[in-house]
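Comments concern the structure below.
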Amino acid sequence: MITVFLLSFCQVEAQHCVWYGECGESVKVPGKKYNCKYTGSPIPLQSEGYDLLTELCPGYDYGNRSLCCNVDQLRTLKGSLQLPLQFLSRCPACFFNLMNLFCELTCSPHQSQFMNATKVDNINVLEVQYYIGQTFSNAMYNACRDVQAPSSNVKALSLLCGKDAKDCNATNWIQYMFNIENGQTPFPIIPIFSDVPVSGYTPMNNKTYACTEGLEDGSGPCSCQDCTKACGPKPVPPPLPPPWTILGIDAMTVIMWISYIAFLLIFIGAVLGAWCYRKRTIMSEYGPILDSNNPLSLNSDNPDQVNASCCETLGERFENVLRLIFSSWGSFCVRHPSVVLLGSLILVVASSGGLVYMRITTDPVDLWSAPTSQARQEKDYFDSHFGPFFRTVQLIITSPLQINFTYSPYFGGSDVPFGAVLDKDILHQVLDLQLDIEGLVATYEGQNVTLKDLCLAPLAPYNNNCTILSVLNYFQNSHAVLDHSIGDDFFVYADFHSHFLYCVSAPASLNDTTLLHDPCLGTFGGPVFPWLALGGYDETNYNNATALVITFPLNNYLNDTVKLGKALAWEKEFISFMKNYKNPNLTVAFSAERSIEDELDRESNSDIRTIVISYAIMFIYISLALGHIHSFNRVMVDSKISLGIAGILIVLSSVASSLGIFSYFGIPLTLIVIEVIPFLVLAVGVDNIFIIVQTYQRDERMPQEELHQQIGRILGDVAPSMFLSSFSETVAFFLGALSNMPAVRTFSLFAGLAVFIDFLLQISCFVSLLGLDAKRQEGNRLDIICCVKLPEGQEAKTESFLFRFFKKVYAPFILKEWVRPIIVAVFVGMLSFSIAVVNKVEIGLDQKLSMPDDSYVLDYFKNLTEYLHTGAPVYFVVEDGLNYSSPEGQNVVCGGVGCNNNSLVQQVYAASLISNYTTIAFTPSSWLDDYFDWVKPQSTCCRYYNNTGTFCNASVVNSSCVHCRPMTPSGKQRPEGDDFMRFLPMFLSDNPNVKCGKGGHAAYATAVDLHPNNTGVGATYFMTYHTILKESPDYIDALKMARILAENISQIATDKNRKCNSSFFRGCSLIYIFLLCSVFYVFYEQYLTIAYDTALNLSVSLASIFVVTTVLLGFELWSAVIVSLTIAMILVNMFGVMWLWNISLNAVSLVNLVMCCGISVEFCSHIVRAFSISVKKNRVERAEEALEVNTFFGITLTKFGGILILALSKSQIFQVFYFRMYLAIVLLGATHGLIFLPVLLSYIGPTVNKAKVFAANQRYAGTERERLLNY
């Protein structure tokens, strides 16, 4: 019978033991033993325990080593302290204090001074009181509170205190360690904290070391990462730059208002001054005729001479050469249509033949990231050394139920509120869903594909369970474990609530501290961090979560199309299953790796109908508008439907030829090319078609002039203008191909060639077709049905209503003296507003815009933004070349004792302290620091078979297993040289277990790229996470801050390289740090420089347009300035529209801006050229005549109808970046070209080119056209 003694008030003597040796097995903790009751004097330790004593309690290693413990107790102590050893020994002061606590408890020869056995039986001590100094306990806690667990990105106390580190303190930590519920303590040890004697006992208050102090054995102070006090002051983020304001108002707004008002005052003053001057100057109405000194007067004494400048003469000659070449070519095309058409057809077919080699790029990485970009090179480097980043299948689960409840812990403590998604019934339903997904079977090429074929299993082949980051993994993905509870008929002592609360604070624990003793570690062998598996909570109150996040990481494959095909097949099956999943208690948003690409493809297919309707409307308009119907009887004769269709086919042929030619060279297409280029080429091509046809329709054939001569003459007049616009656009687009952005570069290449081919086909193929159509019309044959001929009856040519409107009403009105200043004021006001908001246009692309309105991915994006608390992982990669076998090389990157305070790990840790600024959320996981802890001789982790030298896992019980390193001063140091590489492969293959939680297989198997035959360490990475990133600016800022951090690390390493020797870096090669975060860096890198890229692209395009316009307008510099100025105004106003319409600046909008630059040439160049060759007597009349060659009939009306249809698209990206931007391009281009530009020319247009006027006089002298010269 057990006899219980109450010994609380006994007075004890010095040198008195409380126990000695081990006796019976613990009833409450199987596998553990009670200590034997013993109240005698300390007993000398057996010699076989000397090494253990030296290792564990070196303070007692003196004299005859008389202690209150034997070898068995020392062995038990060592086994019990393996977990704390592995996590706390990285801070020597912390571990020394902890060992002091346990050594005094277990072996102190003065036990009776501070220990009281309150319960004993015949031979066993069943319970003791341990009097501990409050000063000691606080000092021990303070030395350990900041120690990190590198593989888990959490503080070590989260794994050792039974609760989250923030809730841990000196008292409850020690209470937890001495509680039998932790699975390590065989009997209750009741700590009593006091700094003064209590009931005759003197509390143990041994000397402690602060984490900033070194130990007597030479161990240094703890690192900054493990000891906040060693870091100095906490880093403070720099203050945000204040907004640029003047008198509290945005500075740009104020500046542009002032500039605009100043311009209005100067402009109005100049206009009034000029008006007053003209009123005072009275000229004779016969002045132009009588002024014989005017070299341009028809009554000049010597009409064969003109006082033109050298540039004017050169310009006229260049113009004349172009006119003669195009006139001759046009005449040839009309005379030999079969030769021209057949030749054009052969060239088009040959060029389009390349379409059989056409490849369409749908990979988002190739679309948005240049192969030479930093992020792309970093990704390629990462993929080649560590494998591609995992494919992600993810669910975000919420519940519409309002069933929040409160959990009241049985053993005391505050009530804990729980959200609806953590209700047990809901968790069971979620587990059913998770298990159903695990059981999905897809088919690929006749083979079944399951999740286990694809998933990440970090411990394979020893453990083939898939990695599933789910809160259900805290319950081992088992309904039985979820239902596991301990209690009686009246109370529940522990259930899923208590287990959940423990696991979110210690996710890597193999044994919770509740009565359940269930593991928290996932079935796949790794921890499930709560910030990855839960969402919608506040701070770290995970019990308040309103969403569950389940993530299935799948292996990705770079060059294995079969395995990639299997992954795609399984993901397709998953998406199909989730679309059909219904549960009234769950709302599930989901996404797979292929989801975005699938939805983009679906979006493209669904928008085909919209695009077809849009183009059909434009085609119908072109076919009908080209004809000039004189009377109802001649509708089918005067219509030009067949010519319009032919013109459209020419446009499409030019696009096909461009695509085919580049496909021959292996340049892949993108969706932007396919969707945008036909629109662009149709805009340019249709405009030219209308100019040719309408000029022919308004032209009167001269006496004795044949049809081929007339069309040749017409082509000589209009083709230089067409050549000017087309060549300007081509050069501008080709220079745009210098961009580093793949989408912009590809578009520019294809667009430039398509526009030029279109021009060539129009001045050849279309001219021949126009000649044939003119012959048909003159022969009174019906359009389309050419074999049917009407009776003879020539109709007089008349001008169309729109043409008469522009000539008689519109042009005179906008050029009225009082209207022109208003127009200038309005357009300059628009320009001022746009300049003021240019810097306010948002940069980025909201990923939600890329999805169709009805896409399931939109719900996923919405929940991602609303519920998730942690961003994407970020990897700091050290390139191959660092010598990890040397202390200097180790110190550059590690974060433990002796490491540099500015090492890689330390700098990332410091950045995580100001995560709101740096966006780095956690301390990085460090394989190097965990390896140092794993290989320590005090640990049971690193062992090998002494007969074979192979690795011996800590869980193996075998006498031939020996420690990797000796228990000597040198053995306790970090491994160097050959030792480092000898044991590293063992570390990377070791699976974590109860006896060794530091095994590196699960956490670091892919983090270290070993050289062949394990001869050295190549590239390695250190992983952490970003803070939650919700919008494009967040992602851009995260990339920017991470790059700044990486550059700082690289710079410090570079400085150390200058002092390096051959043992530090092999050949003193540079250590270079870069980053890879999932794949988002690849997509968002473009936004770091997009403002610069946009300015450069548009500036280069404008410069090329200026140069080409200068040359092709006959070296008229001022005309080129006016064209470039107007196009620049259109572009700046586009930014104003983008700000008003919430259109962000990204690759898609940049492509549209480049296209806008090209299309704007069409709106401006024809009018400016018409103005430059006009021979009217003043600028106003010349501007009025120039308006006769306008783009309203062609590009404006054609595009307007097609653009409106785009508003009906289901695609948000179409609605925003195509409908809105295209509409803005056409409206701004038309208003600037048809309203502002003529007015600008009427004020500051170039003076008349005397040489051109004289040549026109000479050319048309004695003809009907002489009267048109008005001189």
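Glycine too: its Cβ is placed from the backbone N, Cα and C atoms.
Per TrEMBL, the feature transmembrane segment maps to 254-277 (among others).
According to TrEMBL, the feature transmembrane segment maps to 339-358 (among others).
Annotated domain 'SSD' per TrEMBL: 607-772, in sequence order.
Marked as transmembrane segment by TrEMBL: 612-629 (among others).
The feature transmembrane segment is assigned by TrEMBL to 641-665 (among others).
Residues annotated as transmembrane segment in TrEMBL: 747-772 (among others).
Positions annotated as transmembrane segment by TrEMBL: 818-838 (among others). Residues 250, 252-253, 255-257, 259-260, 263-264, 267-268, 271, 1129, 1132-1137, 1139-1140, 1231-1232, 1235-1236, 1239-1240, 1242-1243 of the same chain, all 6+ positions outside the transmembrane segment (818-838), place their C-beta atoms under 8 angstroms from a C-beta of that stretch.
Summarising the annotation, TrEMBL assigns transmembrane segment to 1064-1084 (among others).
Residues 311, 314-316, 318-319, 322, 720, 723-724, 727-728, 731-733, 735-736, 738-739, 744, 1121, 1123-1124, 1127-1128, 1131, 1150, 1153-1154, 1157-1158, 1161, 1165, 1168-1169, 1172, 1249, 1252 of the same chain sit 6 or more residues outside the transmembrane segment (1096-1115) yet have a Cβ under 8 Å from a Cβ within it. Annotated transmembrane segment per TrEMBL: 1096-1115 (among others), in sequence order.
Annotated transmembrane segment per TrEMBL: 1121-1141 (among others), in sequence order.
Beyond the transmembrane segment (1148-1171), the same-chain residues lying 6 or more positions past its ends with a Cβ under 8 Å from any Cβ of the stretch are 672, 676, 680, 683-684, 687, 691, 720-721, 724-725, 728-729, 732-733, 736, 741, 743-744, 747-748, 751, 755, 845, 1090, 1093-1094, 1097-1098, 1101-1102, 1105, 1109, 1113, 1119, 1122-1123, 1126-1127, 1130-1131, 1134, 1138, 1182-1183, 1185-1191, 1195, 1213, 1217-1218, 1221-1222, 1225-1226, 1228-1230, 1232-1234, 1237-1238, 1241, 1245-1246. Taken from TrEMBL, the feature transmembrane segment applies to 1148-1171 (among others).
Annotation comment: TrEMBL describes 1191-1209 (among others) as transmembrane segment.
Annotated transmembrane segment per TrEMBL: 1221-1244 (among others), in sequence order.
A Cβ distance under 8 Å defines the sequence-distant neighbours of the transmembrane segment (747-772), meaning residues of its chain 6+ beyond its ends; these are 326, 329-330, 333-337, 340-341, 343-344, 348, 351, 643, 646-647, 650-651, 653-655, 657-659, 661-662, 667, 669-670, 672-673, 676-677, 680-681, 684-685, 688-689, 692-693, 696, 707-708, 711, 715, 719, 722-723, 726-727, 729-737, 739, 1151, 1154-1155, 1158. By the Cβ criterion (under 8 Å, sequence separation of 6 or more), the transmembrane segment (641-665) is in contact with the transmembrane segment (339-358), since 3+ such pairs are found. Each residue in the domain 'SSD' (607-772) has a pLDDT score, and their mean in this model is 80.
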